[in-house]
Structure formats: C-alpha cells, structure tokens
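Asks: Below: one structure in structure tokens.
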C-alpha cells in the first residue's frame, strides 16, 4: 500500500514538472557581477506570472518544495550562486528569514539550500527568506540582499472531515418523496485552488432505499414516500465524503446520521374490545368511579390524546364519562345513586375520538371507535331509609305529658325488608323531654314544655335494622313549640315617679308601657286601667293611650309631702289574646317640693336619686349635712382630749378618804341590784363604753332628724 502511494506521488510530481517546466528552469545572469550591466532573472511565480529580476549575479534552481517529504536525506530546495564566485572560497552565502537555520539551511560555500524537516502545507503554505553573498574576509556584501518565497507544493494527504459526527435529526412520518431531511458538510484541508485534492463528493453507504444524498451539496432527502413511524421509527444513515472528485485514489471520510421519524396524528383510537362488563355495589356514592376503560392509539404524545363520551344509555343522566389526561383512560362516574332493588344493570354505548385530529388523514380511516359497556349493580345490605330528609313537628306549649307530636317512618330498602326499630339519640335530648315509640315511630312528650324558655327543640331519631343492628340511619327532627297565652303583661320597666306639691289636676306625671313573654300571631294589644278597689278614692287616674301605653294623671290640685310622702297606684294591665291574661302592677309616686316650673327642689331619698340634676334646695341640704358632720367630728375630738386630761379615780391610799361619798338613803343590801351598776364601779372601762354609747345615740338622733326632714341621703 505504501509503495502504491509513493508511485502515485511520483506520477503527480512528474506531471507537475512537465506542466511547470519554466518554474524549475535555472535563473541565469546575462552580464557579469558588478559591472552594472542589466541582469535578467527568469521563471514563474505560483500564479504563473513571469518573473524578471535585474542586478543579481546569482541564480536559483527551484521555487517550489514538495510537502510531506519521506526521504532519509535533507530535501534539496535550490542553489544560490553569484557571478563573483570564482570558486576560491572567498565568498560566503548567508540565508535569513522564515525558518532560516532551522527548517532551511544553506551551504555557505556552494550556496545549496536544503529543508531539514518534513513540511506540511496545511500548517504553513509558504516561507519568505532573504539571501546575500558576502566577502568571507571583509564580510562585506557582494550583492544586494534579495527576498524570495518558497511555496510548499500541496499533495493529497488529508481526507475530508465532517463538521459533526454523528448527526441527529428528525423528519415527520408520512412525508412525501424528496422531503429534505438535513444537510451534512465535510471539509478538506488540502489546497482547493490546486487540482482535485479538496474537491469533495458525497455518497450514501447505508440507509438506502429510504434516503438519498446530493453528491455535491450533501443534502439528505427521503427516497420513499409515506414512511410510517409506527412501522419503523429510527434509521441510521452512513454518508461518505471523498476527495479527488470521487475518483480512484481519493481519500474519504464518513459520518453517521441518526434520523427519527416524528409522529403525526395518522392513527385513530381503537377499543381493544367491543364489549366491556363491570360491577358496582349499589352503595356507591354519586361522583365515585364505577368503570374505567382504555382505548389504544398507535400515535404518541399530543397525537395520542383522546376524548370519550356516552352516546346512549338506558339510565338517562345516571353516568358521566371523562378522560384521565395522564393515562388517556375513560373514567365512568355516577351522577345518581344506584338501587339494586329498582334496576340491576345498565347498558352504555361509549365513543372515543382523537382530541387533535389532523385534517390530512381524515379521509384515510375512521376517526372514532365505539364499544358497549354493561354495568351490573351488586346488592348491598343498606341501612334503613327515611321517607323524608328531615321532619318538622309542632306542639302547643300547654300540651300534656304523653301527647303525640308526630311520627317518623323508615324502611329497609333491601329485598329482605327487615323490621326497623326507632330510638332517640340522647345526645340531642339531654333533658329527656321527648321519646319515640320503637315500633311505629311516634314521637311524644315526656315533660311539659315552655315556649318562652325554649321555642325550638332539635333532636335526632335513629332507625336500626332489627336483623342487623349495625345498619342504622339518623334523621333530624325539628320540634316547634307553639305559643299559648299563659303569661300576663307587666310593666316594661321599673318606674320611679314623683308628683309636685303644686301639681294641677289632670296633669300627666308618667307614661307607662307593658311587655308580655307571649307572642300572639296578631301582635300585642294591651289595655290599662286603675284597679277597681281604689278607683273611688284614688288620687290619680290611668288613661289608656290605645297604643300599648298609658298616662298617669293627677286627679286633684296640690299634694302635701308632710301629709303623705308616697302614693301607691295600682295599674291593671290586660292583653287582648285568649284566654285573656291580666296583672296588677303597682306604681310608686313620691311627693316632692318643686318650683313654679315643675323642677323638683326637695324630695325624699328615692325621689332625690331619681332627679337628673341638683336643685337649689338639694344643694343646701348637702351643705347642711356636711356642716353637721364636721360638728360631730369636732365634738368627738374634744371628748377624746378631755378623757386624756382626767385623773384616775384613786391616786393613792392616802386620798381614799376624799373619794368617799356619803348620803343618808338606806340601802337595800346585797340584794338591791336596781340602785346602781356595781360592775361599772368595779370596771372603769365601762365608763368609756358609756361615753361611746352617748356618741352613737347622738348620731342616731341626728339621722332620725334628717330622715324626718327628707335629707337622710346625705347621712347615708
């Protein structure tokens, strides 16, 4: 193989030399050295342009150097010679520039230039050097320095290389013939301006008959129409790039192209079966899943999305169907409860279709598919079912214990029809006001009711299967207590009323209203009057305002606080319901001293508290109270000081005689206990207690004085 390549390189070199003979021709000087005659330098540059140089007395043998030299000796480049060189060794040749001394060396005696290493045109295409001839002894230049170029001659030593390896791409399935898949590109490092070393031709080595490649551009196209991804999805194509225009002996490189057929929606969904059968217990709740079915679609991703719908059913509005987007399953759910005793099976027709159909393929095949679904209802032991969702009962508050308020009813929905037992959930009736008959469900009273205390009672009744006590149901029962007129009206609030001493007859001193705990249907209607037993000697009268209020009026002119400080007015209030209820309410009226405008000035304690402000008389009473209290405090302090200044009863034994009291009355002896208190004489502290009692009596007397005068409140 190596020998064949060497022969090929020699043939290429021979052909080049034959076509570029002028480039290898020696450059000869036409006139001698320094005589100043014109010099001619012949040859061609790399572009074939003739070269003419003057005033040079030396010649060249070569402009080009073959790359990738494989010989053992240094590669000969050319020869530098001056006409002034007589062969006596007096001239020395000097070479400078690119690679001088390393890549290129010169024999300073003969002027021969050699390359010391293998050169690669792809690394450096040409070298610029300068040459001159100098006197060996004086080191002076015999000729002017001349610049020349050594161009590296290219050989086909580089194979084409692709920009990527491998390539990855995709093309839609079902594409028509000649659809462009992608373009591959290969480059050759050889000289594209010379020969065919860098001229690349593309061909396909693997991937036929599905794909083809354009030999000049590297564009890959589909070679078959309507390739189906569902049949084969991935293809591996090997592309070759060969230089020398694809001729024999050219170098080549390959790359791999992985082509994937991308999916299009060219397949409709299909049910694997035409009939499905499912079972669901009748206890399934509305909204629960009763069946799941799966259609298949050969497409993938968005093209495999599908929608399900119910086209017909023998249970209208009983079921819904939806699509699980993560699994593309059809999920059938309940809309209404199942009942084994009413209907034991259902038949549904289900249709499936593409969610995102492609109009290009609608004409090729049916876009939908259908299947039948049979749903079998399974019997379940169910709890009793009440005939209502709740019960509302009414009872009058005066009903007797044991009165039946109403009844509840529940039945076993199963075919066994088990008897039902009733009871009350005592957590909803802690006071045990009601009870229920266990057999017929009658609700009756265990205690009396009071609407004013509790107008509603909310209890729960439990129905239990007799054959299976674990099957129970609860139902709320709302019991409304109806009102009975069993409460008499009373004053709406507590009234404190006063009348002025200078009041006139028929003067209104108070307006009263009433309240009633009952709630008659038509609303309250109260009637006010004065009690009959006092109507003949009454000092006041009651006037009914016909609006559930009444006015209290005086019946005479002037009242005396000293004669009667307080009056009690009995007011009878009746309601308008049946049976009529009435009550006598006492209104306390106090007599007070007022000014000519009717403002209270002086009144008893209760009337004083009632006033919103302080009149002049009330202010004077307070000042008098304060002064009297100060006098009491001063008297008490004076008595305390006098007590400290008094001397003991007996100071010494010698003074006993001076303290003996003589009198002429005959005593009663030891049995006489009425004359004096012997304990007081024996206990001096009793004297102090008697003084304290004196102060207490004094305070009580003052308090009584103020009470009589109507100023007791200042003492309190």
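The count begins at 1 with the first shown residue.
A Cβ is built for glycine as well, from the same backbone N, Cα and C atoms used for every other residue.
Bear in mind that TrEMBL entries carry predicted annotations, made automatically and left uncurated.
For reference, TrEMBL lists these features for the protein:
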type     : residues : note
DOMAIN   : 82-162   : domain 'Cadherin'
DOMAIN   : 163-271  : domain 'Cadherin'
DOMAIN   : 272-386  : domain 'Cadherin'
DOMAIN   : 387-491  : domain 'Cadherin'
DOMAIN   : 491-602  : domain 'Cadherin'
SIGNAL   : 1-23     : signal peptide
TRANSMEM : 618-639  : transmembrane segment
Asks: Do you know the mean pLDDT across the domain 'Cadherin' (272-386)?
Replies: 92
Asks: Kindly report the helix/strand/coil residue split of the domain 'Cadherin' (163-271) according to DSSP, in that order.
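Replies: Taking the domain 'Cadherin' (163-271) as a whole: 3 helix, 46 strand, 60 coil.
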Asks: Across the domain 'Cadherin' (272-386), what are the DSSP residue counts per state (helix, strand, coil)?
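Replies: Taking the domain 'Cadherin' (272-386) as a whole: 7 helix, 57 strand, 51 coil.
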Asks: Per DSSP, what is the residue tally for the domain 'Cadherin' (82-162) in helix, strand and coil?
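Replies: The breakdown for the domain 'Cadherin' (82-162) reads 0 helix, 36 strand, 45 coil.
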Asks: Is it possible to list how many residues within the domain 'Cadherin' (491-602) are helical, extended or coil according to DSSP?
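Replies: Breakdown, helix to coil: 3 helix, 55 strand, 54 coil.
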